[in-house]
Amino acid sequence: MKFGSALVAAVAAVAGVAAKDYGGVPGQPIQKSGKGAVFSGATNPQLDLQNPSNINGQPATDIGLVPNLKWSFSLSKTRMFHGGWIREQVISDLPASHDIAGAQVHLTKGGIRQMHWHRVAEWGYVYAGSILVFAVTEDGQYQIDKLTPGDIYYFPKGAAHSFQGIEDENEVLVAFDEGDFDKIGYLFPPYYSNINLQLSNAFNYRTTFQVAEWIAHTPQDVLAKNFNISTGGTFDKTKSNMLEIINSTTSTHNVTGPNGALMGNSSYTFHIRDAPEIQVPGGGGTIQIVDSKNFPISKTIACAIVRLKPGALRELHWHPTAEEWLYFHSGNARATVYVSGGLSRTFDFTAGDTGVFPDNAGHYIENVSEDEDLVYLELYKADRVADVSLSQWLALTPHDIAAAAINVPIDVIDKLKKDKQYIIQ
């Protein structure tokens with residue numbers, strides 16, 4: 001059964017996705033071989049077209065039941081405020097993501113992400129507009145820095161921080177080193193010996209602590225004593241309304257303090273100009289790495305910013321240190337994940353998608369577009385970016401052993417490159 005490329009392009013255009021001809025019928029469970037049949041019941045045509053690897057484009061090498069490893073921010077509930085919005089991907093959205101949760105935070109000009117802190121570390125990547133970052137350490141050191149597209153911040157667990165939008169529209173990818181970011185923690189009363197009584201009488205608390213909420217729940221006479229001010233209703237307008245974003249005007253004030261500003265290895269911010277693009281040996285794109293080697297404070301989240309040329313392949317590899325959490329910024333991708341036990345599954349990704357590859361699972365990522373670069377971020381709950389290349393491993397193993405292991409002629413192994421290619425054109 002043959003179907004013209006014009007049909008492929010037409011139906012893909014309806015869904016707003018890149019056209020790639022996998023054969024069969026686009027958007028239908030009919031493969032090139034003739035296997036399958038049309039959908040006769042309810043279905044979502046746009047989702048079907050965006051995920052050909054589930055239907056007509058499903059590789060024959062996909063075997064077994066592999067859990068869903070993909071989420072789209074477009075499926076997340078958006079919390080809207082005067083001054084911006086937030087939408088998250090947490091473990092209830094993507095249960096396979098144990099290490100990292102993510103969010104998109106949008107601020108209008110002057111919009112402030114409320115002063116707060118977390119019981120986990122927060123990492124952020126600016127991809128639209130620019131922001132002012134404000135932070136204070138337990139030692140009274142402070143930081144005020146302007147971040148523009150590509151720049152990164154990292155706030156350790158418990159660090160006091162906030163940020164404000166500077167341009168008309170500003171947006172940040174935020175990640176936390178805890179997949180179950182919104183989980184409720186418990187403080188157990190010590191006077192119950194029975195665990196059921198402890199659970200029923202536990203005090204719950206969440207991951208984020210907000211300054212305005214804390215002040216609103218503190219007696220005013222205590223606030224007056226703490227801040228050395230009069231008790232004349234100063235904090236009457238401080239509300240416990242959990243506003244994560246508030247509207248304001250762009251800050252023009254500077255700050256000085258006796259313990260000085262955060263600088264050097266202690267800085268909470270990183271400017272992407274300090275991580276030049278690496279032109280990889282494979283010639284298929286570039287990689288920028290930001291981890292504790294060049295951003296020392298970022299001890300629990302490491303990042304690689306990857307750009308693949310049209311048709312390029314992020315080579316077959318795995319990561320020895322952690323799960324890989326992904327955010328796709330632009331373009332269209334295809335990836336097959338091998339999770340051992342003979343199980344593998346292929347996924348399609350587009351801009352705004354997140355994904356996770358299980359700890360040490362083998363995989364590749366391919367740019368399926370013919371004319372658009374693929375740009376995505378790899379994040380790890382680790383202090384460094386690390387991967388093991390399958391091709392390099394085979395090339396650096398005695399060639400007769402490697403050839404026997406995968407049952408290929410030895411000259412196939414002889415031709416493999418001994419340096420890591422990263423991205424292959």
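The backbone N, Cα and C atoms fix where each Cβ goes, and this holds for glycine too.
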May I ask you to find which of His161, His217, His253, His271 Swiss-Prot records for the Mn(2+) 1 site already listed with His116, His118, Glu122? His161
What does DSSP give as the helix, strand and coil breakdown of the domain 'Cupin type-1 2' (270-414)? 22 helix, 64 strand, 59 coil
For His317 (Mn(2+) 2 binding site), the number of neighbouring Cβ atoms whose distance to its own Cβ is within 10 Å equals 21
How many other Cβ atoms sit within 10 Å of the Cβ of His161 (Mn(2+) 1 binding site)? 21
I'd like the number of other C-beta atoms within 10 A of the C-beta of His319 (Mn(2+) 2 binding site), please. 22
Beyond His116, His118, Glu122, His161, what residues of that chain have CB atoms within 8 A of the centre of the Mn(2+) 1 site's CB atoms? Trp117, Phe155, Ala159, Ala160, Thr208
Collapsed DSSP category at Asn228 (N-linked glycosylation site): coil
